[in-house]
Structure formats: structure tokens, C-alpha cells
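Copied from TrEMBL, the annotated features are:
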BINDING   His88, His212, His216  Zn(2+) binding site
TRANSMEM  40-59  transmembrane segment
TRANSMEM  71-90  transmembrane segment
TRANSMEM  102-123  transmembrane segment
TRANSMEM  135-153  transmembrane segment
TRANSMEM  159-177  transmembrane segment
TRANSMEM  184-201  transmembrane segment
TRANSMEM  213-235  transmembrane segment
Amino acid sequence: MASSLLRQISSSADFSKLKNSPPQKGEQYQPTDVEHLANVITHGLWILPSALALVFMVYMSNSGLQLTTTFLFGFALVLLFTTSTIFHILSYSGKFPAWRRFFHIGDRAVIYVFIASSYTPWLILKEFHSWAEEVLCLVWILALLGVAYAYIYHEKYKFLEMVFYIGVGLCPALCVLDMKDWSGLVELSIGGLMYILGVFFFKSDGIIPFAHAIWHCFVFMGTFCHFLAICTHLLNVRFLEYA
Ligand SMILES: [Zn+2]
């Protein structure tokens, strides 16, 4: 009974109208109008909250180092959502091809900057047995190389791009295990897992309707976990006291 009902619903719902065909090799996926709209909304919604998160972290900082490192994370957060939203608006409009290309490169490049900005507060504010400074330098060198790669090889070698994102995102995590105390590791891992699960949807354009918007949601959940982790374990905010 239940299975026949499900079959009826899935056959009557025409999912083909919600998405277009997957892109050919070397081409970009063309989202449907409703997918374009979802792409704009799912990141545009978080620009203002991330600006408020930035102000909150700065307000809760008790030292110069806390202030500068959490400002960096908050600024990267605002930059991430803003760049993505502008790119998706331009993409939806179908106009201004030069600006669209600029913001498309920016949308990809800012991910590297965001990864480095996410690690920086932990590598500076936490105590480590060793390697923290070296890993911090390495993370930023990789991020700058990633930005250059996004600019030079825009939309080419997409698989390699994916390997770079995951490599730059995950390798420094090994250093985090070297922290003198492991507080925050659970939230950091859950956040990281959100990004990794999201990659599945990032690569599913034209296969799953709204795949890119779902990827956006995973990005937001990852950033939210990392924001909570920074507030709780690096700024010592006790959220329950504010509830
Ligand atoms: Zn996007």
C-alpha cells in the first residue's frame, strides 16, 4: 500500500522540469530558473547573519590575537557568502559575462581563502606540541596557490580542483590532532564532515535537482559548526548562559 503510493507520487512528480541535463565534458551546467533562484537564496540568506557573527566574535574577544584571528574568520565568512551570491545573481541574469567570469573565479578562489581563515584561529590561539607555525605558513601558501590555480585554470581539470580542495581542507587537520587539549575537535570534525558530504552534491549537477543549492546548505552547516566551535572553545562563550 505505502510502496504503491510512493510509486504514484514519484511518477506523477515531474522532476525533469526541475533540472537540466548534466553538462558535457568541459562545459558548465545550465541550472533551471528555479535552481538559479535556489542558488541565490541559499547563500544570500547568510550574508547578514555572517556579518552579525563577525561583530559578535569581535565583541566577545578579550585579546588582540582573539580579535584579529576571529575577525579574519568572520570576514572570510562574509566574503564567501557575498561572492557566491553575486556570482549566482549574475549567472541568473545571463548578463555581464566579464563580471560573471570574474565572480565565478572569485567564488572558487574564496574557498581556499576561507579554508585557511578557518584554520588560522585554531593554529594561533590553541597550544600545540609542535608544528603549528609551520602548518599555518603552509596553509596560507596552499591557499594562495589555490587562488592562483583558480585564476589560471578556471573550469579546467575539475577533478584536480576537487582533489586540491579536499587536500588543502583536510591535510592541516592532521596538525590539529597535535593540540595540547582536544576541546573543539568534535565540532571541527562535524563541520569538516559537512563540507565533505556536500562535495557529493557539488558534483551532482544535472543528476539531482537543486544539487548546487544543497551543496550551499552543507557549506552553511559546516561554517555554522565552525563558528560555534570558535565561540565555545576559543572565545569561551557560554551560549547556554545567554539562552
Ligand atoms: Zn554556488
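Cβ from N, Cα, C; glycine included.
Here the features listed in TrEMBL are placed on the structure.
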residue	record	Cβ neighbours (10 Å)
His88	Zn(2+) binding site	28
His212	Zn(2+) binding site	21
His216	Zn(2+) binding site	27
Spatial neighbours of the transmembrane segment (213-235) far in sequence, C-beta under 8 Å, 6+ residues away: 35, 38-39, 41-43, 46, 50, 53, 56-57, 60-62, 66, 69-70, 73, 77, 80, 84, 118, 121-122, 125-126, 183-184, 187-188, 190-192, 194-195, 197-199, 201-202
Interface check, the transmembrane segment (159-177) with the transmembrane segment (40-59), three or more C-beta pairs under 8 A: no
Tertiary contacts of the transmembrane segment (135-153) (same chain, 6+ residues out, Cβ under 8 Å): 105, 108-109, 111-113, 115-116, 119-120, 123-124, 160-161, 164-165, 167-168, 171-172, 175
Secondary-structure category, per DSSP, in which His212 (Zn(2+) binding site) falls: helix
Environment of His88, His212, His216, the listed Zn(2+) site - residues of the same chain whose CB lies within 8 A of the CB centroid: Ala38, Asn39, Val40, Thr42, His43, Ser84, Ala213, Trp215
Where His88 (Zn(2+) binding site) falls in three-state DSSP terms: helix
